[in-house]
């Protein structure tokens, strides 16, 4: 193959900077605008941390109250190890398919190609979109409709941020905020637990066998939701860099290699190996520091009286503050600000669908043709979600149900299934049986946890009313 002369090279580079390759033009607007590929591994760390380390971690002491010390810590360790392993498998599967010329831009694309079209359309996609329902409350014990309406109004603005890559600076701030409110929650728990203000420490489990058993699986579902991340492919896509050397390679191979042109998505650079692993290491360093500190300190201080949101334990039964009121205010401020970043991240799958439906990929991202539909559709989606969230007061129970039906399979089961179906390891190999064991155990847990979650909703149903102020 002849080499390009420097002058020819420069011409190609200049043309490429001002010209969208044909296959990129063929991408739908959702992939082209929302899932644009520009980030680095550190950006993936920010995105992953925001998508996993969220205010839902403040419910971990409540989960411990149904599990006890040994089981609670064991479930937290197992959740961290298995999800770290599973998310790495997802990354490997994505890289493998990208090298074959089939980039999966979304989780449901993976399910469509690996498991069949019905899985992506009727299961994986809806689970991703259910996450938007959780955006307005992490644990379920705040005063609901007033907060939800105010928060929804704020989200109307943030929802207009155009792409995943645009969130990188917001998600860096989000990472710092997650460390800040976790430190506050830990410090507040230790302060109250060490003083005479706190409740008498009682770590006993329920004496009723049925309540105790269902409570255990409900707690497992809550922990699964806390570790949940249904948008790994979208994050991986957002960190792929179309770099200078690839642009040169594209110019060369576009001229001489017709098969490259015919492969879907081949004009976008393949995932750079190791980026997701580095990003996951950043994420899980923050995760270990926050999850374990909040869970252990909160359960130590409040025992089986831990509330669904540990910050609620900072007030006594009469509403008197057990720590300085300014401390509670700043902790809640950190929490709400980080929650807004989490919400924007989990709006991205919805935004991608809206963009794909209403935007024109042949027009500019910020053209009038695309900006107006984007503003209207994203605003309507937030208004609808906010209305539903304000109407329905049982977020804690819904958290458990979505964890059982959605996040347990999505984060613990499907990654190992995808890996085995993609790489087809020998049935004699340890990794095959490790993956089969993980899939079997967590599938069984998902079924039982789903029953427990539905049971809890039925028990609490008598207290439900629309627009409740809980």
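Cβ coordinates are placed from backbone N, Cα and C, and glycine is handled just like the others.
Those TrEMBL annotations? Automatic predictions, nothing curated.
Lifted from TrEMBL, the feature list:
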type     : residues : note
DOMAIN   : 38-239   : domain 'Amino acid transporter transmembrane'
DOMAIN   : 270-454  : domain 'Amino acid transporter transmembrane'
REGION   : 1-21     : region 'Disordered'
TRANSMEM : 45-64    : transmembrane segment
TRANSMEM : 70-94    : transmembrane segment
TRANSMEM : 147-165  : transmembrane segment
TRANSMEM : 172-193  : transmembrane segment
TRANSMEM : 213-232  : transmembrane segment
TRANSMEM : 281-302  : transmembrane segment
TRANSMEM : 322-347  : transmembrane segment
TRANSMEM : 375-395  : transmembrane segment
TRANSMEM : 401-419  : transmembrane segment
TRANSMEM : 431-454  : transmembrane segment
Same-chain residues at least 6 beyond the ends of the transmembrane segment (45-64) with CB under 8 Å of its CB atoms are 39, 72, 75-76, 83, 87, 134, 138-140, 164, 167-168, 171-172, 174-175, 178, 181-182, 185, 189, 219-220, 222-223, 225-229, 231, 235, 238-239, 278-283, 286-287, 290-291, 294-295, 298-299, 302, 306-311, 313, 335, 338-339, 341-342, 345-346, 396, 399
With the cut-off at Cβ under 8 Å and a gap of six or more residues from its ends, the chain residues touching the transmembrane segment (281-302) are 42, 44-46, 48-49, 52-53, 57-58, 60-61, 63-65, 69, 72-73, 76, 80, 84, 175, 178-179, 182-183, 185-186, 189-190, 192-193, 198-199, 201, 203, 226, 310, 313
Leading stretch by Cβ pairs under 8 Å, where the reference is the transmembrane segment (322-347) and the options are 172-193, 213-232, 375-395, 401-419, 431-454: 172-193
Stretch winning on C-beta pairs under 8 A with the transmembrane segment (375-395) (pool: 147-165, 213-232, 401-419, 431-454) is 147-165
